[in-house]
Every structure is written in C-alpha cells, then in structure tokens.
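S.K.: Take this structure, written in structure tokens, and hold onto it; I'll ask about it next.
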Amino acid sequence: MSTTKRCYYETLEVDRSADDSSLKAAFRKLAMKWHPDRNPGDASSESRFKEINEAYEVLKDGDKRAAYDRYGHAAFEQGGAGGPGFGAGFASSFSDIFEDLFGMAGQRGGRGTGRERGADLRYNMEITLEDAFVGKTAQIEIPVSVTCESCSGTGAKAGTKPKTCSMCGGAGRVRQAQGFFTLERTCPGCQGRGQTIEDPCPACSGAGRIERERTLSVNIPQGVEDGTRIRLAGEGEAGLRGGPPGDLYIFLSLASHEFFQRDGADLHCRVPISMVAAALGGEIEVPTIDKGKSKVKVPSGTQSGRRFRIAAKGMPVLRSRQTGDMYVQVVVETPQNLTKRQQELLAEFEKLSSGATQPEAAGFFTKVKDFFGTRGAAS
C-alpha cells in the first residue's frame, strides 16, 4: 500500500528543495552504506537498499519528481502517472554511479590488452663509509623474471597468438544483472586479462616470462647516506604478456666504522691522550677518511672530552660541492698499573699541586666546604 511507504525525500535524507547534486551526493552516501555486498546476510540492509534506489530513481527524473511532489506515491500506483521503473535505463545509471563509488571506471582504461606491468623489486646493499666517501660502481647479481624470448612475452606458443576472451569480449570484466541492479566483476574466463591462451609457450608455460640471474652495474655517488634509495628504471620484474617491466630499487645501508661515527656530512672520532700530553699540551696526529692524516694542536691544560674541529675533512654532501667537517674529541687516559717510582712521582706532584693547577677541583671542594659550613652554623 502506498500509505506504508516512506517519503522519498526522507528516504534519501534530503529536503524537498534539494537540487540534483545534493540528491546524487545523498544517494551515493546511502548506497555505499546499505549496499548488500557491504552487509552480507543482513536482510534489512537489502530492503533499505531497494528503498534508496527507488527514491533516487524517481527524484532524479524531473517529470517523475514533479508528479511525486503533486500526487505522492499515488502518482506511480496502477493507473497513475507511471511507476518508477527499473529497466535498462536505471541499470545503466546505477552502474555508472557505482563505478564512481568503487573506482571501477578508473580500472577500465587498462582492460582488454592482457598486459600487466612487472612488479618492482628491492635489493638491500651494505657499503662501507669509505665507499660512501669516494663513490663506486658495484656489480650485483639478482634473480629476476625476464621476458620469455621464445614467445616474446605473449605466453603463446611460437606461431600462435593469444585470443580475445569470448566471455568478456576483451574487456576483462563482465556484468551480471541481479534483480533491479547490475554488478560488475572480474571475468572468470580470462581472470581479467581480456585474452586467453589456447596453446601455451612450452618455455614459460604460458607465463610470458622466465626466471634468470642477472648482473647489473649500480652507480653509487659520493655522499650517500644510510637509507639512500637508488632507482633503476625498467630493471625490475618483467611484465606479463608484453607489459612494461617494473623498477629495481637499491636500498643502501652503511656498515659501522671502527674509528668514525657519521652525523650527516660530519665525522666524529675519539682519540685517547695521556695525562701528561693533556697537561703540557702538544700535537696529535689523527687519520682522516681520505686515507690521509691531520695534526691537531692540543693546548696545555686540555680537559677530557674537549672537541677540536678540522674543517672540510668530513663527508661530501650528496649532489653538492660542499663537504662536512671532522670533529676530534680527546679522552684523557688515567694511568694504570703504575710502578712504585711512578706512584712516588705522582704523590710528589700531588703535594706540589695547588688550586692554580687544578682550579675546577679546588673550586668544587671550596663549595662543598662552604655548604657544610653553612649548614653547621644554621644548626
């Protein structure tokens, strides 16, 4: 009965003044929410879905909407102005909308050719800090799928060709009417390729590609960092049935270095020096990443942990003429396993020492003395 039907405007959750774009937007939103495929086994969602379709079919048509606004549901009852109808026109418009909803329209461009792009490949390579400093050309061997030479990647035996799929006509997808709406799915006859192979190539079993080891040259530029990615276009997995190949991505990682630590373009190192060298001062010689040596002047009275900068002795900056710096941190080494004579000399040195020779220690103990002296007076 017409009296049991909900108002079409209420069904689409829009005002009576809603324009075409508002109606379409509301329909898309509700159709997506209540589509049976998104609510399997829910009978109420299927019923709601039908109501939404019926309401939209009427309100999107100017003449039907005018009749509905004037007579309500009675306009489409037996003998009225004509029912909403769910013929071929509805199936077409409904299908177009769902192509937008589920992205089907964008997929059509690649159908019917049978070609598929090859997958991208990843290769992890570890290099040394020295390699990153000078750059190098490395040779790598990778297992990769290449186009079958026997069939030129078609998958068909020599002298034959793939045939257009008779089930989908080369589209790769088929449409199936279910009641008042149409669903589109991957063609089961060709698995979406649009072509079938009756006589497969014996060399590749119809795949259109075979597995082989391939040697490639990889150019590693100066200044690469840990995690740098190098792309080799077209060196990935071969495409199917003549499709384009994928790309190969080389991911670089830097091995830890026994002497240097890297921070961007700068290099850091720790150099132990004796207590005497720190006290009297002098020069120390340190290795550099370019296999050379640099001298660092250590002033007298240098404390452990002090850093010295050597300009332009770091790493080159990738794709730049700039170069980082090198930082040398001195670590004053406390003598161990002293002889009796050495202990005597150090004890003598301690007796001769004053606050002037050890200002930080003298200042510290003065603060401690003042602290406890203040607390004693307060108590």
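Keep in mind that glycine also has a Cβ here, set from the backbone N, Cα and C atoms.
As listed in Swiss-Prot for this protein:
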type	residues	note
BINDING	Cys148, Cys151, Cys201, Cys204	Zn(2+) 1 binding site
BINDING	Cys165, Cys168, Cys187, Cys190	Zn(2+) 2 binding site
DOMAIN	7-72	domain 'J'
REPEAT	148-155	repeat 'CXXCXGXG motif'
REPEAT	165-172	repeat 'CXXCXGXG motif'
REPEAT	187-194	repeat 'CXXCXGXG motif'
REPEAT	201-208	repeat 'CXXCXGXG motif'
ZN_FING	135-213	zinc finger
S.K.: Would you mind listing, in sequence order, the residues at least six apart from Cys168 (Zn(2+) 2 binding site) in the same chain with a Cβ closer than 8 Å to its Cβ?
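M.R.: Once residues fewer than 6 apart are set aside, Cys168 (Zn(2+) 2 binding site) is near Val174, Cys187, Gly189, Cys190, Gly194.
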S.K.: For a three-state summary based on DSSP, what are the helix, strand and coil counts in the repeat 'CXXCXGXG motif' (148-155)?
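M.R.: Breakdown, helix to coil: 0 helix, 0 strand, 8 coil.
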S.K.: Using DSSP, what is the helix/strand/coil residue split across the repeat 'CXXCXGXG motif' (187-194)?
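M.R.: Summed over the repeat 'CXXCXGXG motif' (187-194), the classes give 0 helix, 0 strand, 8 coil.
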S.K.: Expressed to the nearest Å, what is the distance separating Cys165 (Zn(2+) 2 binding site) and Cys201 (Zn(2+) 1 binding site) at their Cα atoms?
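M.R.: With the alpha carbons as reference points, the distance is 18 Å.
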S.K.: Looking only at Cys151, Cys165, which of these binding-site residues has the biggest number of Cβ atoms within 10 Å around its Cβ?
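M.R.: Answer returned by the neighbour count: Cys151.
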S.K.: Please identify which of Cys148, Cys190 has the densest Cβ environment, defined as other Cβ atoms within 10 Å, among these binding-site residues.
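M.R.: Answer returned by the neighbour count: Cys190.
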S.K.: Determine which residues of this chain, when Cys148, Cys151, Cys201, Cys204 are set aside, have a Cβ within 8 Å of the centroid of the Zn(2+) 1 site's Cβ atoms, and list them as they appear in the sequence.
M.R.: Glu149, Ser150, Ser152, Gly153, Thr154, Gly155, Ala156, Pro200, Pro202, Ala203, Ser205, Gly206, Ala207, Gly208, Arg209, Ile210
S.K.: Just counting, how many other CB atoms are there within 10 A of the CB of Cys201 (Zn(2+) 1 binding site)?
M.R.: 22
S.K.: Would you mind giving the whole-number mean pLDDT across the repeat 'CXXCXGXG motif' (165-172)?
M.R.: 87
S.K.: I need the neighbours of the Zn(2+) 2 site defined by Cys165, Cys168, Cys187, Cys190. Which other residues of that chain put their C-beta within 8 angstroms of the C-beta centroid, in sequence order?
M.R.: Ser166, Met167, Gly169, Gly170, Ala171, Gly172, Arg173, Val174, Pro188, Gly189, Gln191, Gly192, Arg193, Gly194, Gln195, Thr196
S.K.: Reduced to three states, what secondary structure does DSSP give Cys201 (Zn(2+) 1 binding site)?
M.R.: coil
